[in-house]
């Protein structure tokens, strides 16, 4: 028999359960066989020739707290994102964001070494699923931006920004912040980059989400957006410079701006799918205790 308090901890997807198992097994491996850490974690000085650690570093946690937080966060966020994206796209998102985030961490560590000549940047082990989790928060922002998160009373669209602010603030008081902060920052940016420009939309056969509600400046407070927008436009033109040639086919004007209604309609459909998936999840969780109550009443009548 399920109760309202326990129903929220059920209905996790099979894919998320499998990924959670991978994280747990990965943690156990490095705990019982510490010699595997240099081969699995991203250690910039060893990445060449051990290039596979750009992938493997994201799928195990070095601490017990890390593996518990990562598995729980993955299970809950996957409940909302996987039904909207589909299992294949959900898995692709995780793989791409994890790889790109750790690739950026590698490049940044090498650059910092050449600037500072501190070998700590070359031999510090980077590992953990938190980069992907930061990217999944961006997915939550995209799908249900105006949905208030229970208990926190904060709209979902602000979750990535709040997470980054808290992480940066805590880095001033923790000694090992360099081991997780770059991954969080790059995970957030790569998650947005993928959803903004690369994610394929089966309903329109296009890629990305060009809506104004998902622009890069929406991660910042309103008063900073006039400063952020011109900078973001430079990177937009670098990434989408070839879009002008095929603008008419893709719903864009020759200036690179979306035609009237093209982005807003798609953004509305995406939010509707997210809201519908959220309602279905909440509805399922409410039905479980109600169904158990009916069964109890039926059993009581039968006993009479």
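Start at 1 and count along the chain as shown; that gives each residue its number.
Quick reminder: no glycine exception, Cβ is built from N, Cα and C everywhere.
Predicted automatically and left uncurated, TrEMBL annotations should be read as such.
Keep in mind it's a predicted model, so treat the numbers as computed, not measured.
TrEMBL has this to say about the protein:
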- 20-42: transmembrane segment (TRANSMEM)
- 62-81: transmembrane segment (TRANSMEM)
- 93-115: transmembrane segment (TRANSMEM)
- 121-144: transmembrane segment (TRANSMEM)
- 156-173: transmembrane segment (TRANSMEM)
- 179-197: transmembrane segment (TRANSMEM)
- 247-304: region 'Disordered' (REGION)
- 266-284: compositional bias 'Basic and acidic residues' (COMPBIAS)
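A Cβ distance under 8 Å defines the sequence-distant neighbours of the transmembrane segment (20-42), meaning residues of its chain 6+ beyond its ends; these are 50, 53-54, 56-57, 59-62, 64, 66-67, 70-71, 74-75, 102, 105-106, 125-127, 129. Within its own chain, the transmembrane segment (156-173) has Cβ neighbours under 8 Å at 134, 137-138, 140-141, 144-149, 180-181, 184-185, 188, 191-192, 218-220, counting only residues six or more beyond its boundaries. A Cβ distance under 8 Å defines the sequence-distant neighbours of the transmembrane segment (121-144), meaning residues of its chain 6+ beyond its ends; these are 23, 37-38, 40-45, 57-62, 66, 70, 73-74, 77-78, 80-81, 84-85, 93-94, 97-98, 101-102, 105, 109-110, 112-113, 156-160, 163-164, 178-180, 182-188, 190-192, 194-195, 209, 214, 270-271, 273-275, 277-278.
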